[in-house]
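First the structure, in the form of C-alpha cells, and then the observations on it.
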Amino acid sequence: MEEPQSDPSVEPPLSQETFSDLWKLLPENNVLSPLPSQAMDDLMLSPDDIEQWFTEDPGPDEAPRMPEAAPPVAPAPAAPTPAAPAPAPSWPLSSSVPSQKTYQGSYGFRLGFLHSGTAKSVTCTYSPDLNKLFCQLAKTCPVQLWVDSAPPPGTRVRAMAIYKQSQYVTEVVRRCPHHERCSDSDGLAPPQHLIRVEGNLHAEYSDDRNTFRHSVVVPYEPPEVGSDCTTIHYNYMCNSSCMGGMNRRPILTIITLEDSSGKLLGRNSFEVRICACPGRDRRTEEENFRKKGESCPKLPTGSIKRALPTGSSSSPQPKKKPLDEEYFTLQIRGRERFEMLREINEALELKDAMAGKESAGSRAHSSHLKSKKGQSTSRHRKLMFKTEGPDSD
C-alpha cells in the first residue's frame with residue numbers, strides 16, 4: 001500500500017518546525033537571566049500545549065504524528081573502580097634441576113682459587129675445608145680453570161647458580177627487587193641476573209625458556225704464556241641475606257665446560273656466600289665446622305659402643321667390680337710414711353662409702369661398706385707387722 005503524499009501547503013506540526021521558529025519561542029534574555037532556573041522552567045512544555053497537540057485536527061492527507069521521542073541519553077560513565085593491588089611476584093619454578101656432581105671428564109676439568117686469609121679487609125676468600133667462597137657484593141671473584149689437555153675449539157664456560165637445600169632447589173636464583181632496580185647494569189647483563197662476568201665483552205647472558213634459569217656463558221680461552229690456568233672474574237650482584245631474593249638460603253655456583261654444540265665436557269661446583277665481611281664469616285664457619293667434627297669423633301675400626309644400663313641414667317656409674325674386690329699388700333719403710341698412706345687409704349674408703357650411700361640409699365649397703373672397712377683395718381695391722389722387718393728393695 002502506497003503512503004499518501006504530503007501536501008506542501010499544509011503546515012507541519014510543531015515537532016517538525018525549523019530551528020529559527022523554535023528559537024523565537026525562547027524567552028528574551030534567557031541566557032543573561034539572573035534566574036537560570038526560571039528560564040529553564042519556561043522551556044518546559046505545559047500540559048495545555050501537549051493536549052493541544054493531540055486535539056489538533058490533521059490535514060486531509062496527513063495522519064497525526066506523535067512527537068518524536070528524545071534520543072536515549074547515554075548513561076553516565078561509572079566511576080573508575082580502584083585498581084586492585086598487583087599480586088606479589090612469584091618466583092618461577094624450574095622444570096629440571098642441574099646436577100652438581102663433580103665431573104672432570106676426559107680433559108681433567110677442575111677449579112682453583114687464590115689463597116687468601118681471613119682478615120676483615122679481604123673482599124673475596126675461599127675456604128678449602130668448606131668448599132665455599134665468601135665475597136662481597138659486586139666485588140671481583142677470580143675463579144681459575146684447570147685442564148690437563150686443551151679442549152676443542154669453540155668450547156664455552158657456563159656459570160649458573162642454584163639453591164643448595166633440596167626444598168628450594170627448583171626455584172630460580174635471582175636478585176632481590178631492590179637490587180634489580182639499581183642502576184648498576186653494564187649494558188650487557190639483565191638486571192635480574194645474579195652472576196656477571198667482569199671485563200669480558202664476549203659474555204652472553206642466557207634465560208632458558210624451558211627451565212627459566214639464568215646463566216652466563218663466555219668462550220674458553222687457553223692459558224696465557226707462562227700460566228697454567230685460565231682465570232674468569234665473576235661478580236655476585238645481590239647479598240645472601242636480601243629479603244625477596246636469596247633470603248639467607250645457601251646457593252651453589254655450577255661451572256660447566258661445554259663444546260660448541262652444548263655437550264658437557266666437565267663440571268664442578270662450590271658454595272657461595274655474599275656478605276659484608278667475608279673474612280669474619282669464613283673464620284666463624286670454619287670454627288663451627290671443626291667443633292662439629294671434634295664433637296663427633298670417628299670410632300676406630302672394630303670398636304663397639306657399650307650400651308648404657310636402662311635403670312638409672314642420672315646416678316653415678318659404679319666402679320668396676322674386679323677393681324673393688326681386689327686387695328693388695330704394700331710394704332712400707334718407716335712409720336711416718338705408713339701413717340700418711342693409711343690416712344689416704346681411709347679417706348678413699350670413706351669416699352667410696354659416701355658414694356655408695358647416695359646411689360643405693362639403703363642401710364644394708366652401708367653396713368657392707370663398714371665390714372669392708374674393718375677388713376681394711378686388719379690389713380693395715382698386717383702391714384704394720386711387716387714394717388718391723390728388714391727393709392726391702
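Cβ atoms here come from the backbone N, Cα and C positions, even for glycine.
Taken verbatim from Swiss-Prot:
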REGION    1-44  region 'Transcription activation (acidic)'
MOD_RES   SER9  phosphoserine
MOD_RES   SER15  phosphoserine
MOD_RES   THR18  phosphothreonine
MOD_RES   SER20  phosphoserine
MOD_RES   SER33  phosphoserine
REGION    50-96  region 'Disordered'
MOD_RES   THR55  phosphothreonine
REGION    66-110  region 'Interaction with WWOX'
REGION    100-370  region 'Interaction with HIPK1'
MOD_RES   LYS120  N6-lactoyllysine
SITE      LYS120  site 'Interaction with DNA'
REGION    283-325  region 'Disordered'
MOD_RES   LYS305  N6-acetyllysine
REGION    319-360  region 'Interaction with HIPK2'
MOD_RES   LYS321  N6-acetyllysine
MOD_RES   ARG335  symmetric dimethylarginine
MOTIF     339-350  motif 'Nuclear export signal'
REGION    354-393  region 'Disordered'
REGION    357-383  region 'Interaction with USP7'
MOD_RES   LYS370  N6,N6-dimethyllysine
MOD_RES   LYS372  N6-methyllysine
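ARG335 (symmetric dimethylarginine) falls within a helix when secondary structure is assigned with DSSP. Long-range Cβ neighbours of LYS120 (N6-lactoyllysine) (same chain, at least 6 residues apart, Cβ-Cβ under 8 Å): CYS277, GLY279, ARG280. Averaged across the region 'Interaction with HIPK1' (100-370), pLDDT for the predicted model comes to 86. Separation of the C-alpha atoms of ARG335 (symmetric dimethylarginine) and SER20 (phosphoserine): 153 Å, rounded to the nearest whole number. Cβ neighbours within 10 Å of SER20 (phosphoserine), excluding its own Cβ and spanning all shown chains: 7. Within 10 Å of the C-beta atom of ARG335 (symmetric dimethylarginine) sit 12 other C-beta atoms, taking all shown protein chains into account.
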